[in-house]
Amino acid sequence: MNKFKGNKVVLIGNGAVGSIYAFSLVNQSIVDELVIIDLDAEKVRGDVMDLKHATPYSPTTVRVKAGEYSDCHDADLVVICAGAAQKPGETRLDLVSKNLKIFKSIVGEVMASKFDGIFLVATNPVDILAYATWKFSGLPKERVIGSGTILDSARFRLLLSEAFDVAPRSVDAQIIGEHGDTELPVWSHANIAGQPLKTLLEQRPEGKAQIEQIFVQTRDAAYDIIQAKGATYYGVAMGLARITEAIFRNEDAVLTVSALLEGEYDEEDVYIGVPAVINRNGIRNVVEIPLNDEEQSKFAHSAKTLKDIMAEAEELK
């Protein structure tokens, strides 16, 4: 029996991130049905065939097909990976104008199908595009999720795990804020296998400089990867698959995603990366970590950066 029976995902955007996300869904049998939409119909046709050939080896049967926007009408989840890609030397915020125009069209097409599920947004700048998707769709805020800092937090945990020689799953540490240059680590609540990071650093003060460098590596990882191979895709695709799994399994899992704030962290009317409880209904609630003064100030700066960009966007006025 397929424990994910009835779970349908429509993927819009079959580039590197989208196609690897699609493979992750099939490989892990997270969905019952996967529909792929992209302007490049021939690539979709090829990927659908390739993915179908993988399904005999997936844990359960997954139906995969090429589709169109009308297929969204009974989808449980629409995942948007479409949009202009980030180029070397270009910040995520540089992509705003180009991708807002693309999203206005995409979300309009999806909603015209009578879609009544959850949106998951991965395209950059993800915080602004998640906000735009919420505005353009008219759906409740709980049903529009951005991938946020889920990848940044994974990078952060990985680097900390390597520094302390433990498994990444034994590290509890979050990156919050904009998925971009103004993001910040929540040092005050980071722990390694239950031991506060602050305590561990008191035992090895020479490690403080190394830890600070870990955040710089986390923040700048995308630029390094883009410079080396043109784009990042494996990590974010796995992050999207993890969010999808949390939704369909009704996990009440806490993940760092882009969510709308309505007073949490002293911020309003902005989608930004924060820990949130994810289940079958989307975002159950935002988890408000008590930040110290420095962290709160940096978070406010991150939120202001996003708000300032949105204030200039004609598509959001």
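Cβ coordinates come from backbone N, Cα and C, glycine included.
According to Swiss-Prot, the feature active site, proton acceptor maps to HIS179, an assignment based on sequence analysis.
If you look up Swiss-Prot, you'll see VAL17, ASP38, LYS43, TYR69, GLY83, ALA84, SER105, ALA122, THR123, ASN124, SER147 marked as NAD(+) binding site, on the strength of sequence analysis. Annotation note: LYS43 (NAD(+) binding site) sits in a helical segment as assigned by DSSP.
Taken from Swiss-Prot, the feature substrate binding site applies to GLN86, ARG92, ASN124, PRO125, VAL126, ASP127, ASP152, SER153, ALA154, ARG155, THR232. THR232 (substrate binding site) falls within neither a helix nor a strand when secondary structure is assigned with DSSP, and so counts as coil. Within the same chain, residues at least six positions away from THR232 (substrate binding site) with a Cβ under 8 Å of its Cβ are LEU151, ALA221, ALA222, ILE225, ILE226.
What Swiss-Prot lists as phosphotyrosine is TYR223. According to its DSSP assignment, TYR223 (phosphotyrosine) is helical.
Less than 8 angstroms from the CB of TYR223 (phosphotyrosine) sits no same-chain residue that is six or more residues away. Fewest other C-beta atoms within 10 Å: among the binding-site residues GLN86, SER105, THR123, SER147, that description fits SER105.
In sequence order, CYS81, ALA122, ALA231, TYR233, VAL236, ALA237, LEU240 constitute the residues six or more apart from VAL17 (NAD(+) binding site) in its chain with CB-CB distances below 8 Å. When the recorded positions LYS43, HIS179 are compared by the number of other CB atoms within 10 angstroms of each CB, LYS43 has the fewest.
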